[in-house]
Structures are given as structure tokens and as C-alpha cells.
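K.L.:
Here it is: the structure, laid out below.
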Amino acid sequence: MKKAALLNSDISSVIARLGHTDSLVIGDAGLPIPETTTRIDLALTHNVPTFLQVVNVVTSEMQVEAAILAEEMIEKNPAVHDALLDQLKRLEQHQGNSIALHYVSHEEFKTQSGKSRAIIRSGECSPYANVILCAGVTF
């Protein structure tokens, strides 16, 4: 049995196969997922697991150099937005690098998310609780 925080074999496999600048999406329960994109569905019920719980566990194993968010999140979901920024700041300190933040419209976010290696669906039921994490390198 794995000893690290991330036990989900599908997510572990996707992270292990990421190359520099490849992306992985963590989304809320309502984010549309194209048929052509790998879906990893973790949603059990409303808010289980939460978006932030999934971000925390995924980033414990993924090297992140950039994050893309929908600009609507700032106004429509400020509590989750601020908590996500706090998590990314802690991740920067842990990784020893800067994580670039990019904001796009929700429509552009949905377009870009379809180009990711996978979309992880959380049980989060708050608006715009989505992030595209772009893989960095550990050297």
C-alpha cells in the first residue's frame, strides 16, 4: 500500500505521466468534461470531497509551475479563491519556486480544460471552484 497522501491510482498514474507544461484540471461537480478528455470522478455527494481537499492532495505529488483560474472566481467565490491562493503560496514555499497565476474567462477556462491530460471532478458545489494546474519540473 502507498504511504504517501495520494492513494487514488488513476490520479497517481496521470501525475506520473505528466511532462513539463502538461496540465491537470481539478474541477467542481458542475464543470463540463469533454468526452475526449480523461475523467477521474471523485464526487460522492455534495461537497465530498471538497475542491480544496483534492487540490491539497494532488499538489502533494505534483510539481506545479502555473495555475489557471476563471476570473469569475474572484467575485463569485471569494472564500474558495482566497483559500486556493493560500494553498498555492504554501506550495511555492514547499517546492522552492514561484507559481505563475493566470486568469481567463470561464468560457476560455472550459476550452483550455479540454486540452488537459485529465479532469478530476470533486464533489464541490460552489461556483467556479476549478483550477488548471500546469506541470513544472523538479530540477
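Every residue, even glycine, has its Cβ placed from backbone N, Cα and C.
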K.L.:
Per Swiss-Prot, which one of His20, His46, His106 shares the substrate site with Asp28, Tyr128, Ala129, Asn130?
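P.N.:
The record-listed residue among the candidates is His106.
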K.L.:
What are the other residues, in sequence order, whose C-beta lies within 8 angstroms of the center of the C-beta atoms of Asp28, His106, Tyr128, Ala129, Asn130 at the substrate site?
P.N.:
Gly27, Gly30, Leu31, Phe51, Ala70, Glu72, Met73, Asn77, Phe109, Glu124, Ser126, Pro127
K.L.:
For the substrate site as recorded (Asp28, His106, Tyr128, Ala129, Asn130), determine the largest distance between any two Cα atoms, in Å, rounded to the nearest integer.
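P.N.:
Farthest-apart Cα atoms in Asp28, His106, Tyr128, Ala129, Asn130 are separated by 13 Å.
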K.L.:
Who sits close to Asp28 (substrate binding site): which same-chain residues at least 6 apart have their Cβ under 8 Å from its Cβ?
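P.N.:
Expected: Phe51, Arg121, Ser122, Glu124, Cys125, Ser126, Pro127, Tyr128, Ala129, Asn130.
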